[in-house]
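Here's the structure we're looking at; comments come further down.
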């Protein structure tokens, strides 16, 4: 099976990709989105979102990375897709699933689900702009407020010439509510298409991955939030390995505090460490205590000192 690391805006950036791919076996990472409006973006924008472009589109541990674009205008999606692959991206991905109100208000992300023709035109323009040997993928949800257009959306992606389709098994309006996940609908799309379909949504452990694949018939999954809950989730999902022990999680957090974010004004680790701990609390009781300890800290050096001060040997 293939396991992909999902794009998560404001969460899974290049530093987190570096950490997670070092302790996992991901087949591919998709970047946070590059927002495309009405211009060809400068090279520095692509390098900021995807510094791996300067390493043959791979993380330091060797996992492939693909740039994701978000926008609605085919011409500019095409030009920026061409630039992404010229800079070394291993193909490009089109975001048609982001449920953010800000993103949707500007006509991008899940808004495209309302009009599958827009998805077709955007994906087709990107496909024509990218050399045939490089993949063009599209990430969608089942629809905006219902799944009525799910087949029309899927057909648009395939007819546009996309290489593969990632389907998040909920509508935009359903957000991330667990009770609404519909792996069966993903399976219906998979049966309809000739291109590979990758299942996404509510994959938290080996059991849920097996259930998702059994119901959908997909042999590839994309994981997002779960990858933060259990830092070695791809190995759990692929090989039924146990979750990472807490001392190893702390060691990973310590390494995270030593990584420098370009352009950081001293607040990056404050937000990101607290954010990651809020995910870890769902799986590790120890993360709750650590979160309470650092939640009052408001600058990166203090956060780093607090995390670095933990004696891992005493946790074993």
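Cβ coordinates come from backbone N, Cα and C, glycine included.
Together with 7, 8, 9, 68, 200, 201, 202, 224, 225, Swiss-Prot lists one candidate of 139, 314 for binding FMN, that being 139. The DSSP secondary structure for residue 95 (site 'Interacts with tRNA') is strand. Long-range Cβ neighbours of residue 274 (site 'Interacts with tRNA') (same chain, at least 6 residues apart, Cβ-Cβ under 8 Å): 291, 294, 295.
In sequence order, 16, 256 make up the list of same-chain residues 6 or more apart from residue 272 (site 'Interacts with tRNA') whose Cβ falls under 8 Å from its Cβ. The 10 Å shell around the Cβ of residue 98 (active site, proton donor) contains 23 further Cβ atoms across the protein chains shown. Ranking the recorded positions 95, 98, 176, 279 by Cα distance from residue 201 (FMN binding site) puts 176 first. If you check the recorded sites 35, 95, 176, 279 against residue 7 (FMN binding site), the ones with a Cα inside 10 Å of its Cα are 95.
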